[in-house]
Amino acid sequence: QDAFVAFHVDKGLVSKYLKPLQIGELAPEEPSVEPTKNKMLVEDFRKLRATVEKMGLLQPNQIFFLLLLAHILLLDTAAWLILVYFGTSLIPFVFSLVVLTVSQIQASWLQHDLGHLSVFRTIKWNHLLHKFVMCHLIGASAKWWTLLHSQHHAKPNCFRKDPDIDMHPFLFTLGKKFSVELGIKKKKYMPYNHQHKYFFITLPPLLFPTYFHCHTFYIAYTKGYWADLAWMLSFYLRFFFIYGSLLEIKSLLAYYFIFRMLESSWFVWVSQMNHIPMDIYYDKNLDWVSTQLQATCNVEQSLFNDWFTGHLNFQIEHHLFPTMPRHNFWKVAPLVKSLCAKHGIEYQCKPLLTAFADIVHSLKNSGELWLDAYLHK
């Protein structure tokens, strides 16, 4: 299957685990593609996949990622040195916060690359550096992230299968169809007609400082990710030791909570600009390409957009080829556009600010649809 091919770098290794699960072969007269899937699209995508492999677009440029890591470590160190040399008054305090936030969010983009096994040619080194970046530099569990993010990639925007949209319906109502269904059923967990307003003071600033903090430790503990917990502890020991020697306890806690809020806001706007405005509904068991394209859109390329979003502005290409190193997305994009044009699939690409605005517009539209259905007698 295309999902199997997309996720696994060492297919020979994982195939060994599949052998005991084999129950037989399809009879010659049986179709090899399910009725809900576009057979021609499946075949054309597999040809594209073969072309991508021949072009070497799945091979990482390790100098590119080394420079990314270097600039993250330099910013991380600079945030501390600012307080050391300029003191802890308001201006250096704020400047240090901004620098640390940039370092943290760029580390988030790099751990994303490592989690997708797209930095090194060997799985072992990807996993090892993933623990260093995610657990030690950021303070979260690498295995926790892999567990949730793999589900997201397999079934993006599919309710009860994509953990990224678990906020529906308890905090937000997402998608046109779901919003109407909630309204018809007279369900109201929140004032959804105002969700485009309370979005600004809930999800962006609070996702990291509240939910992620609790959830990453909960999953790591309950599933016995002891190595991750040890690495995570090293982050907190390092942070409270080097900043605790410079700041009083109230200032230290404020510093930590504020940079987490800033990091969270940056992450949420970037990560949701590609998905929230797209189709959100139950799994329709579509083919790989259709599943990914109905749930993702792109943001225009520029040097700033590439850096600011960690190349998540190429969300379509990333979802079709999860293990592809991000520096190659722009090379495969024209081929993906051609595939979409051939099969009449919309390939959405928009300016960065438009993508941000579309999050709010989609939430407002969903809230209005819910209210209309809720009030309908």
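Positions of Cβ are set from backbone N, Cα and C atoms, glycine also.
According to TrEMBL, the feature domain 'Fatty acid desaturase' maps to 92-349.
For the transmembrane segment (56-74), same-chain residues at least 6 beyond its ends with a Cβ under 8 Å from one of its own Cβ atoms are 103, 106-107, 109-110, 113, 118-121, 133, 137, 321, 323-325, 327-328, 331-332. Summarising the annotation, TrEMBL assigns transmembrane segment to 56-74 (among others).
With a threshold of 8 Å between CB atoms, the same-chain residues lying at least 6 positions outside the transmembrane segment (80-102) that come near it are 242-243, 246-247, 251, 255, 258-259, 262-263, 266. Residues or ranges marked as transmembrane segment by TrEMBL: 80-102 (among others).
Annotation comment: TrEMBL describes 198-220 (among others) as transmembrane segment.
Look at TrEMBL and you will find 240-259 (among others) tagged as transmembrane segment. Among residues of the same chain six or more beyond the transmembrane segment (240-259), those with a C-beta under 8 A of the stretch's C-beta atoms are 80, 83-84, 88, 93, 96-97, 100-101, 104, 209.
Remote same-chain residues near the transmembrane segment (198-220) are listed as 140-141, 143-145, 147, 167, 171-172, 190-191, 228-229, 232, 257, 260-261, 263-265, 267-269, 272, 359-360, 363 (criterion: CB distance under 8 Å, separation of at least six residues from the stretch ends).
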